[in-house]
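Colleague: Sharing a structure here in structure tokens format.
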Amino acid sequence: MDEGGLPLLPDSLVYQIFLSLGPADVLAAGLVCRQWQAVSRDEFLWKEQFYRYYQVARDVPRHPAATSWYEEFRRLYDMVPCVEVQTLKEHTDQVLHLSFSHSGYQFASCSKDCTVKIWNNDLTISLLHSADMRPYNWSYTQFSQFNQDDSLLLASGVFLGPHNSSSGEIAVISLDSFALLSRVRNKPYDVFGCWLTETSLISGNLHRIGDITSCSVLWLNNAFQDVESENVNVVKRLFKIQNLNASTIRTVMVADCSRFDSPDLLLDASDQAGLPCRVFDLGGDTEEEATDPGLHTSGSDHVKKGLRRVFDSVLDGHGQLSDCALETKVAELLAQGHTKPPECNDADTRNKYLIFTTGCLTYSPHQIGIKQILPHQMTTAGPVLGEGRGSDAFFDALDHVIDVHGHIIGMGLSPDNRYLYVNSRAWPPGSVVADPMQPPPIAEEIDLLVFDLKTMREVKRALRAHRAYTPNDECFFIFLDVSRDFVASGAEDRHGYIWDRHYNICLAKLRHEDVVNSVAFSPQEQELLLTASDDATIKAWRSPRIVRVLQAPRPRPRPRPRPFFSWFASHRR
């Protein structure tokens with residue numbers, strides 16, 4: 001400005017100069033004078049800075065909740081938990097999983113050292129309790145989850161045994177006394193288990209039917225196993241699902257429809273009644289029907305005709321089927337007459353949906369199964385186990401199946417349970433599975449897919465920044481977590497990653513010394529993130545904004561001012 005206070009440069013010229021500067025230089029220039037300060041806060045200037053700095057596609061609009069481009073730039077720059085503030089070294093082996101309590105006051109960690117540790121989440125994190133599971137013949141702990149009122153902790157682990165053993169167990173721990181309340185068998189161990197209600201949990205069991213055919217049974221268990229009467233259940237069978245081609249059900253979780261932003265159900269039963277299960281195939285442009293619409297109506301005649309065609313073809317030498325392919329074909333045909341179709345139900349936002357990984361072509365989990373849980377199924381009350389078994393419907397049909405054409409290595413729900421985020425390592429385009437025991441090779445890049453559980457559609461392009469290197473038969477789970485604005489995941493490249501959910505951009509890489517297995521946002525404070533690694537550490541990360549607040553010098557308390565009359569009286573001559 002000149003001496004008279006008038007600007008020497010018009011605002012438009014200052015604006016053009018500021019466009020050529022980076023964000024830090026714009027803010028520094030804004031300290032020179034009032035004119036530059038006003039221009040440095042211009043909305044159009046910060047819109048341009050935002051798209052250029054974060055490399056967001058121009059057709060992506062500003063976040064609906066944002067009030068200005070400047071504040072939105074600041075949110076992504078200053079409020080992402082990317083500053084390491086604490087490293088926890090109490091575990092002595094690889095740390096596999098982290099989970100927060102719903103209040104955010106505590107979190108739990110599982111490790112190859114076979115302990116479940118419970119931590120106090122204060123400004124400085126401290127260890128509250130450590131439960132050693134080796135006396136129960138566990139090899140290691142792998143997963144944990146707090147119940148809704150944070151009074152109980154579900155801990156899942158793997159039994160000691162031969163390398164090919166798939167048995168595990170779920171333990172329920174009281175968070176008041178840290179007493180072990182109950183133990184439930186869980187097979188295969190990577191079902192993990194989950195809470196359905198505050199006092200009931202879901203576990204799995206596996207029954208072999210053939211070499212590559214099996215049946216997964218999902219059980220509802222009471223967390224308190226005291227038996228008051230022989231006529232009262234502590235366990236109840238939820239679903240029985242057929243597995244083909246060496247596949248099994250794994251990674252169960254529950255989505256609560258009542259937490260959706262709108263009252264629409266994930267599955268509108270009034271529209272879907274009578275329709276077969278549908279496969280939403282991400283590898284093609286159309287939806288393909290999973291079953292022939294006439295299968296349920298043709299009954300045993302259809303099954304007999306199908307079996308006769310298969311066997312005649314084999315005997316005549318026309319069908320060159322391997323033993324595995326023949327077993328799968330026969331199992332499919334036999335199941336058609338013994339599978340109960342999905343139950344119809346009036347729209348009810350109290351319903352919950354069981355979500356899990358599965359498959360139909362190979363043992364590699366390449367599909368997401370979704371099964372509606374009706375209100376009457378959410379309790380162990382009902383006929384005592386063994387009663388009411390007269391139906392021919394041996395298996396339960398799924399309500400939805402989503403095929404991702406890749407190996408699923410992680411899943412997580414958004415806080416409102418509407419969006420499902422999936423870590424997947426893709427198969428090569430056009431892959432054909434000829435042998436269920438030899439799935440296609442998987443990509444080193446991990447795709448983070450997003451599905452809207454209201455519409456059963458993929459809603460975002462895949463996020464890709466993190467990597468994994470292990471082959472199919474050694475592939476392990478990479479746990480992810482979702483907060484209000486961010487999604488985070490571990491990776492095998494020794495980093496954790498954070499993306500913005502709206503803009504689909506990677507915001508931070510969080511360094512470890514080995515594979516990052518799990519991440520967890522505080523449910524009450526998304527500017528705090530925990531990461532767990534094979535380097536046997538847990539790291540706590542906070543946003544730059546929170547770090548500044550915590551490190552700011554606290555002013556000394558001033559002497560309490562005396563009232564004017566008291567001050568005046570003491571100074572009278």
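Placement of Cβ uses the backbone N, Cα and C atoms for every residue, glycine included.
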Colleague: Can you say which of 308-316, 398-406, 425-433 is given as motif 'D-box' in Swiss-Prot?
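Modeller: Going through 308-316, 398-406, 425-433 one by one, Swiss-Prot gives motif 'D-box' for 308-316.
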Colleague: Within its own chain, what residues at least 6 apart in sequence put their Cβ under 8 Å from the Cβ of S151 (phosphoserine), listed in sequence order?
Modeller: S174, L175, D176, E198
Colleague: Could you pull out which residues elsewhere in the chain have a CB under 8 Å from any CB of the repeat 'WD 2' (470-509), counting only those six or more residues past its ends?
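Modeller: Sequence-distant neighbours of the repeat 'WD 2' (470-509): 54-56, 60, 63, 75-76, 80-82, 97-98, 190, 251, 364, 407, 409-415, 419, 421, 423, 425, 439, 441-442, 446, 448, 460-461, 463, 515-521, 523, 526, 529, 531-533.
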